[in-house]
Amino acid sequence: MNTPKEEFQDWPIVRIAAHLPDLIVYGHFSPERPFMDYFDGVLMFVDISGFTAMTEKFSSAMYMDRGAEQLVEILNYHISAIVEKVLIFGGDILKFAGDALLALWRVERKQLKNIITVVIKCSLEIHGLFETQEWEEGLDIRVKIGLAAGHISMLVFGDETHSHFLVIGQAVDDVRLAQNMAQMNDVILSPNCWQLCDRSMIEIESVPDQRAVKVNFLKPPPNFNFDEFFTKCTTFMHYYPSGEHKNLLRLACTLKPDPELEMSLQKYVMESILKQIDNKQLQGYLSELRPVTIVFVNLMFEDQDKAEEIGPAIQDAYMHITSVLKIFQGQINKVFMFDKGCSFLCVFGFPGEKVPDELTHALECAMDIFDFCSQVHKIQTVSIGVASGIVFCGIVGHTVRHEYTVIGQKVNLAARMMMYYPGIVTCDSVTYNGSNLPAYFFKELPKKVMKGVADSGPLYQYWGRTEKVMFGMACLICNRKEDYPLLGRNKEINYFMYTMKKFLISNSSQVLMYEGLPGYGKSQILMKIEYLAQGKNHRIIAISLNKISFHQTFYTIQMFMANVLGLDTCKHYKERQTNLRNKVMTLLDEKFYCLLNDIFHVQFPISREISRMSTLKKQKQLEILFMKILKLIVKEERIIFIIDEAQFVDSTSWRFMEKLIRTLPIFIIMSLCPFVNIPCAAARAVIKNRNTTYIVIGAVQPNDISNKICLDLNVSCISKELDSYLGEGSCGIPFYCEELLKNLEHHEVLVFQQTESEEKTNRTWNNLFKYSIKLTEKLNMVTLHSDKESEEVCHLTSGVRLKNLSPPTSLKEISLIQLDSMRLSHQMLVRCAAIIGLTFTTELLFEILPCWNMKMMIKTLATLVESNIFYCFRNGKELQKALKQNDPSFEVHYRSLSLKPSEGMDHGEEEQLRELENEVIECHRIRFCNPMMQKTAYELWLKDQRKAMHLKCARFLEEDAHRCDHCRGRDFIPYHHFTVNIRLNALDMDAIKKMAMSHGFKTEEKLILSNSEIPETSAFFPENRSPEEIREKILNFFDHVLTKMKTSDEDIIPLESCQCEEILEIVILPLAHHFLALGENDKALYYFLEIASAYLIFCDNYMAYMYLNEGQKLLKTLKKDKSWSQTFESATFYSLKGEVCFNMGQIVLAKKMLRKALKLLNRIFPYNLISLFLHIHVEKNRHFHYVNRQAQESPPPGKKRLAQLYRQTVCLSLLWRIYSYSYLFHCKYYAHLAVMMQMNTALETQNCFQIIKAYLDYSLYHHLAGYKGVWFKYEVMAMEHIFNLPLKGEGIEIVAYVAETLVFNKLIMGHLDLAIELGSRALQMWALLQNPNRHYQSLCRLSRCLLLNSRYPQLIQVLGRLWELSVTQEHIFSKAFFYFVCLDILLYSGFVYRTFEECLEFIHQYENNRILKFHSGLLLGLYSSVAIWYARLQEWDNFYKFSNRAKNLLPRRTMTLTYYDGISRYMEGQVLHLQKQIKEQSENAQASGEELLKNLENLVAQNTTGPVFCPRLYHLMAYVCILMGDGQKCGLFLNTALRLSETQGNILEKCWLNMNKESWYSTSELKEDQWLQTILSLPSWEKIVAGRVNIQDLQKNKFLMRANTVDNHF
């Protein structure tokens, strides 16, 4: 047979008909319900195996890219093939039931014989579809088919708005039984079908012990033509397409608009489907892997085969079921005859219908249905199974015939529970645990082996509210371990301590209320409070309520009084009765005892008076009694009443408590979720009471979340990536953190290893940044890690994409509830925002919102900000500041609020919304409050829609994907886009240049700077000029530049500071992820490299590392080709890796990466000495060639060549520094070659900036190596270049760069006076140029010079500016260096600018900061300075702690001032420790001293150390020598240090040297507590400024290094 081609008009009625069988579409039914019809036909039941397992595989998938859409594609690929076969053979698909379908061939009885043959042929062809195929998800799809024939009844039932139908009869039972007998790839005929078929045509085999038979194959007679046979059969099929419609699969495709028929058919289709019926992408739109609750209801009848008997019962049951579902927001998805009985598949949580307390609703609904249906006449047994979890909800089938259905293990489980546990309501463990209902509402059931269910877990019978309340069930419940600390809740506990103090010293009641959303840890706070509240004469009563408590009158007070009276521990009512009698005998007449019967479940005789009393009067009598009892107790004890989940306090209990706090002194502490509805008047009165303290609980702070993760994993340390993911994802909510952690453990992506010290770790690229977040030391000491050797660290398995991880079901469910409660327009905005990412701009959102105007978007955004879906921020700094700290807890003064006039409240709300709209307009950044909401909303998009949206975003962002106007709009990797063509938009570069010109920007190639000429002679610095004259000329030039910058009307300085960081965050980062989502890996790689380069510019090594790892994954996916663009990307990748390694001080790794990059850039660096000297010779000739102006004849390099040359200069600039670190003799030649290659490469670029940088590097290299003539020459050449520059734009920046670099060079060489002169000018330039990073560097270098030169007034002024920069720009380096200098002032200058405690607090607070942690120099200096402080105080335990931390950072060698400052401080600490060892006559003191002296000598000998550090190093060497008794060497080193200090102008060191020299050679001994006495008298800077302390007297506050005698010999 030929497969017909499908073509039809897509009217709405056709789309509705696609959800229904022909039996309904063409049926003519009476409007009365129930309605019965009878006919004959053949039934086919097809059961498809493998789909449930596939659903489970997708629902438990780690990543968001394996969603429902892929699943529905796979499902429908297979199911549509079956549907097509059925339709081709004339069948009518009656129902889809998950992964099964029921088809009907409706014909006259006399035609059954031939039609059965057709159906068998169809069945065999269906098997043929699946026989040899192994499907794409690795799942083997197979089918089982049962056939039956005979008399069939149809029942139509429903109400005015909804209709359902069932097929009933022996044939229906037979087809189900036949399918159950079938094995994979079998076709089973029911006994009746076998009787009615043409037996001569079928080869069968018998089924053991059954009358049914199995079909082997058809055996038609010779010359039998099946096509002709089938054509004859189609004449008996009333709705088989023929004639002009013969190419259609289904005649219903030809339906024309018919309002009456359409209205009739709509009743059979779910409302959520009808809402979307106009959406032509309906099939995918409603397809989700979604957490839902399944309620499977089975009704068994006394006589199932008689439709007229069971019809009315089904109608009655349906009417009640649908009314109850409407109340609880559930829907009937399917109704069908299931084995024995009629089954209703009800679902809670369909798309758009997710509500809170879904599980409770489902159970209550199930119980209601059970109770009602059990009473319906003709219904023999009611069985209900309830299961919760992720299932596939979506449209399954073929384009012309499909249905909305649910598939998944939980659907199967609910069905099996319903059949294996008849006559009761059962539920699974997920429903039991998630309902939060009391345990006594359930009873655990014995396990049964259920078909198709491997492991059901514990199953429960749901009783509902039929059991009596049991005492002792209301105690506080918390899963926290006893020794588990309460993290991050000090503020909340302080509120309690303060209120408790008020309660104890006053004679009035106090109420403390903690309000917080679920998951914030309210129960843990109460558990801690219960422990802290314990004391003499304190009576603590703690109870926990639940949803049911709210509906039980006086329940809270019942539990309270049961505890007060000691009844909660009584095991029998008689014991309770005796206790009660003893307690109330003096307070209550015996005839009133029976008042206590109902409330305390006792059995006192009922008196006549009480029997006549009204319920209200009984309640009042009880309250009077309870008040009397409490009045007696409070005289002897302080009552503290703790209530968890107080939102469930019933109104009667609220009234009693309100009266209680007015009458007696009692302390009530409650935790509660925000009230959904307005609370009762008594509750409001309690909240507004003058003695009520109402606290809204905030989130836990990031540091505490980090500690929680370590404690929960039982490790001492976690990776930064894991910490960031859990910290950001949890939003500081403990429950979210726990769920995310469980999700990671479930997917087995966490790896645990034994702790390894930093020194022993063999550093590779993959472990460069591991184990960065440690458990807070105090917690480490008091909790889980007593055995240091057994400490573990946790990191992630390689290749895990945390950004794409699908959220845990529990958190997804919370987000779906929020989404489904929104208006459709709000949902659409949230979903569009989710495509952009966690953070987005209003401009981009407006671009992708379909058909919205700006006013509408702003109004919707304001509403969503008010609803805590979004936060809004004015700029990136505001956002980053907010991300560092979660919203803390705060107190709400409801009493004050209630006293305000209520007039104009509505007006006030409108005004507030308008203000919010204005705020949104001003804000540049919007961010999801909860990352899980963004992920959940993102997953709701279809794949094609998602791609289209990502493409839209990418096109919009692409135009701005470059550096800011301040930085002249370049690439972060110079000339990157000229080398790699990654643009989506058709705009060519010429057009862009024209646009740039029209906006007043000069393109890069137009700048004068690009063509740099090498001056022919020293026009500016004639040879006869002295160094002093040259110095004067340089300083005057910088002064001239500064004057012009300050006074010129020209556009010399930028109007705003650098915005590159903003652009990186809101343009380039999202753009890379959009390309990644689009599968454009080459474009994504381009932007990941740009991002890594940008982060390196911003000194964020960790983030650069992370994005290079992202790039590495993409590099592996790209097809290997030899194109220059791909080679350049690889070279850039390795050069950036080299930069990261260099910045981290991993110089061996850096060298390897940089060499590899140079090789790819066609600039091979030699590996052996022969090649080395050959290269040196070649580079010398090249340099001679450039210097002699021969190179100027060649045209400027092209843009691609420039990109290559710029990369080479970066690599070579780092390489010469790396080789300079080495003590090996031949390495100086490698360093010389590298710096020469850098200079020649820079000259080839013909770019002034590159040439100047290279000259200054060449000068510094020779300066450090001691070649005076060479370094001076190239420094002068660099200066000659800047004299030629136009003083605007980049020219000004080059001048500032030269000034700053000269400051570094002069400082490191020890020319402090000149460094100060240059530094003050460089500082002013960078301040005017508004570049925070450069500004910071100039402040640091100048402050270091001023400190060494002891110019304290100027130093304090510079430190003030450094502090201002750190605060206004949120600049962590500035703050860290500020405190580093403050520690130096404390240790060496003799006064206090910031206290030691403040400096220490900064270290504790920021040592795990992402940027600071991976900047080894500053932390090394801070740790070492603190270690020195403790060594001077002889607090050796603290010394070891900080010294060891510093020691771990020593291997990270970087050629920075901070690193060498840090290492000199570290060595000083070790020298002080040596003094301790010698004093204590330690065995290894001699060896330690010798090793220390050797290390100090090596540091002095190393070129890169710089002469400025030599006075301190010689000073320390002198001290080591005097400690070891070598007076001669000590004198030599002292004199060298003094001479160098004098030459350099290092007054700080010179004074200290003289004082120590005098002390060492004097006969007087120093006091043991010398430093302690000194720090107690250290003056503050304020005292010095006020003139109360003479600045000259500060010298006496310097620490004197202790040495006993000069002739101390070992």
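The backbone N, Cα and C atoms fix where each Cβ goes, and this holds for glycine too.
The annotation Mg(2+) 1 binding site is assigned in Swiss-Prot to ASP47, ASP99 on the grounds of experimental evidence. Sequence-distant neighbours of ASP47 (Mg(2+) 1 binding site) (same chain, 6+ apart, CB under 8 A from its CB) are ASP99, ALA100, VAL143, LYS144, ILE145, GLY146, GLN179, ALA182.
The Mg(2+) 2 binding site annotation in Swiss-Prot covers ASP47, ILE48, ASP99, and the record cites sequence analysis as its basis.
Swiss-Prot lists ASP47, ILE48, SER49, GLY50, PHE51, THR52, ASP99, LYS144, VAL406, ASN412, LEU413, ALA414, ALA415, ARG416 with the feature ATP binding site. The Cβ neighbour count for PHE51 (ATP binding site), using a 10 Å radius over every protein chain in view, is 22.
What Swiss-Prot records for LYS95, VAL167, ARG176, MET337 is hydrogencarbonate binding site, and it gives experimental evidence as the kind of evidence. Reduced to three states, the DSSP call for ARG176 (hydrogencarbonate binding site) is helix.
Annotation comment: Swiss-Prot describes 42-179 as domain 'Guanylate cyclase 1'.
Mean per-residue pLDDT, taken over the domain 'Guanylate cyclase 2' (293-418), amounts to 91. According to Swiss-Prot, the domain 'Guanylate cyclase 2' annotation covers 293-418, on the basis of sequence analysis.
With LYS95, VAL167, ARG176, MET337 listed as the residues that bind hydrogencarbonate, the site has a largest C-alpha separation of 13 Å.
Counting every protein chain shown, the Cβ of VAL167 (hydrogencarbonate binding site) has 24 other Cβ atoms within 10 Å. Across the domain 'Guanylate cyclase 2' (293-418), DSSP assigns 48 helix, 49 strand, 29 coil.
For the pair LYS95 (hydrogencarbonate binding site) and ILE48 (Mg(2+) 2 binding site), the Cα-Cα distance reads 14 Å. Non-local contacts of SER49 (ATP binding site) by the CB criterion (under 8 A, 6+ apart in sequence, same chain) comprise ASP99, ILE141, ARG142, VAL143, LYS144, MET184. If you compare every pair of Cα atoms in ASP47, ILE48, SER49, GLY50, PHE51, THR52, ASP99, LYS144, VAL406, ASN412, LEU413, ALA414, ALA415, ARG416, the residues listed for ATP, the longest distance is 22 angstrom. Checked against VAL167 (hydrogencarbonate binding site), the binding-site residues ILE48, PHE51, LEU413 differ in C-alpha distance, with ILE48 being the nearest. Between the CA atoms of LEU413 (ATP binding site) and ILE48 (Mg(2+) 2 binding site) there is a gap of 17 Å. Every protein chain shown contributes to the tally, and the Cβ of ILE48 (Mg(2+) 2 binding site) ends up with 21 other Cβ atoms within 10 Å. Annotation for MET337 (hydrogencarbonate binding site): same-chain Cβ neighbours under 8 Å, separated by at least 6 residues, are LEU166, VAL167, ILE168, VAL172, ASP173, ARG176, GLN304, SER343.
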